[in-house]
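S.K.: What TrEMBL records for 85-512 is domain 'Major facilitator superfamily (MFS) profile'. As annotated by TrEMBL, transmembrane segment applies to 86-107, 119-142, 154-175, 209-230, 236-257, 311-331, 401-418, 424-446, 458-478, 490-509. The region 'Disordered' feature in TrEMBL is assigned to 518-537.
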């Protein structure tokens with residue numbers, strides 16, 4: 001009998017009493033109360049379900065009365081008031097899209113005002129991406145080593161300072177350096193997604209990450225509207241200064257941001273992580289799991305070699321190309337939009353370029369009110385892009401969503417070969433931008449999900465760095481190569497996206513329905529699949 005009881009204690013069994021308490025004792029082992037096995041974060045746990053088929057009460061979120069993981073607490077507390085506030089604050093950081101959208105407005109303005117040749121205009125755009133490329137991995141490493149909140153706050157304040165300062169640049173060389181420093185700071189802003197994702201329960205994660213992408217879309221729309229109001233009267237300097245407003249708001253509110261509980265536990269600060277989880281539970285009006293907060297294993301954090309272990313090597317390489325293609329195509333389309341609108345249609349752009357070159361290599365045209373209107377319409381495509389991605393990402397999965405986005409963009413690029421009028425051109429650019437922005441958003445959902453906590457920020461940082469390589473190259477395609485051949489330019493973008501669609505299909509891991517992986521020493525499938533999820537298989 002004693003031997004039987006000893007074996008019983010080794011089983012991951014929880015007794016659920018109708019009084020709202022749970023225990024695991026010898027007496028319960030001999031009682032007739034309901035026994036359940038829990039499928040949790042650890043491999044020995046089974047699905048949480050009462051024998052009579054009733055769902056497990058929210059109060060019994062942890063596998064046993066003894067211990068629970070951060071994942072258990074996040075799932076038990078759920079989505080509530082805390083996550084709504086976090087959405088707004090991290091969204092303000094994400095509204096740095098204004099600093100990116102301004103590139104397509106600033107370039108033609110300085111081209112005319114300072115009489116810049118086309119290669120200097122392209123360099124002004126590329127230097128921002130050089131800064132982002134050189135800093136993305138650094139910010140990821142800082143976030144893994146010193147905390148997500150620390151890395152995000154420093155990068156946003158850096159961007160804010162140099163963004164305002166660039167409005168006072170007296171000459172081309174000054175604005176070139178200052179915009180490069182702005183790009184260096186923007187390289188750390190994607191870490192807001194890492195911080196945000198680590199506070200989200202599994203069922204809400206994809207939808208919430210996509211919804212903060214709405215702030216990116218709002219930032220681009222607000223930038224165009226701001227340009228319409230500011231450029232004719234105050235000029236581009238005030239546009240640069242006013243574009244830093246969302247980051248200024250973030251700087252005022254960032255004191256509220258907590259550090260990621262997942263990061264605190266992994267770095268050995270269980271008490272701080274527990275305090276954060278209690279704060280979230282209080283805000284959401286939800287109960288905390290019973291027991292002691294633990295971590296499965298202490299690990300080194302922010303090590304580049306962990307991205308190239310046999311389990312993640314192929315994923316890392318494919319993701320790098322996918323992120324490269326996303327940024328290359330997205331920012332290329334943003335720059336091409338102003339070029340196409342100034343020409344009127346695709347077919348006349350080559351002849352127009354030849355006429356301009358025959359007159360003077362420095363001849364330029366300011367953006368007109370009609371150009372701003374059409375630019376606004378294509379920018380509004382970010383919103384349906386979010387909605388389409390939101391609708392399909394949990395139905396067909398992350399990989400297929402990215403592949404579909406690349407295929408639609410490639411198809412629309414090929415349709416631009418036809419001599420379409422301005423209205424059809426606007427529709428095609430609208431659809432292409434909606435889907436390529438949707439693919440970018442799907443990548444932001446997939447990447448934090450596929451990497452474990454110890455390397456999540458670094459993984460996202462290196463992917464963001466590769467995206468900036470694509471963004472660095474794209475001005476020379478969209479602005480310089482376009483002068484030689486508009487069709488060759490479109491073939492480059494279309495071909496790149498076709499290859500990216502294939503890369504998305506070949507990703508070895510689908511993260512749909514998975515919990516965030518805590519340890520890099522666990523195989524996929526050993527982490528929590530999500531409490532309350534009873535889907536077959």
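Just so you know, glycine gets a Cβ as well, placed from its N, Cα and C.
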S.K.: Could you pull out which residues elsewhere in the chain have a CB under 8 Å from any CB of the transmembrane segment (119-142), counting only those six or more residues past its ends?
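M.R.: Same-chain contacts beyond the flanks: 99-100, 103, 106-108, 110-111, 150-151, 154-155, 172, 175-176, 179-188, 190-191, 302, 304, 327, 331, 335, 457-462, 464-465, 467-469, 471-473, 475-476, 479-480.
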S.K.: Using Cβ atoms only, state whether the transmembrane segment (86-107) and the transmembrane segment (236-257) have three or more pairs under 8 Å that are 6 or more apart in sequence.
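M.R.: With 3 or more qualifying Cβ pairs, these stretches touch.
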S.K.: Please check if the transmembrane segment (458-478) comes into contact with the transmembrane segment (236-257), where contact means 3 or more CB pairs closer than 8 Å and the residues in each pair are separated by 6 or more positions.
M.R.: no
S.K.: In terms of Cβ proximity under 8 Å, which residues at least six beyond the ends of the transmembrane segment (424-446) contact it?
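M.R.: Sequence-distant neighbours of the transmembrane segment (424-446): 190, 193, 205-206, 209-210, 213, 216-217, 319, 322-323, 326-327, 329-330, 333-334, 336-337, 340, 345-346, 374, 377-382, 384-386, 388-389, 393, 398-399, 401-402, 404-406, 408-409, 412-413, 415-416, 463, 497, 500, 507, 511.
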S.K.: Report, as numbers and ranges, which residues of the same chain sit near the transmembrane segment (236-257): CB under 8 Å and 6 or more residues beyond its ends.
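M.R.: Same-chain residues near the transmembrane segment (236-257) but 6 or more away: 85-86, 89, 92-93, 95-96, 98-99, 102, 105-106, 109-110, 113, 149, 152-153, 156-157, 159-160, 163-164, 166-168, 195, 215, 219, 223, 226-227, 230.
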S.K.: So what pLDDT does the domain 'Major facilitator superfamily (MFS) profile' (85-512) average out to?
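M.R.: Averaging the confidence scores along the domain 'Major facilitator superfamily (MFS) profile' (85-512) gives 80.
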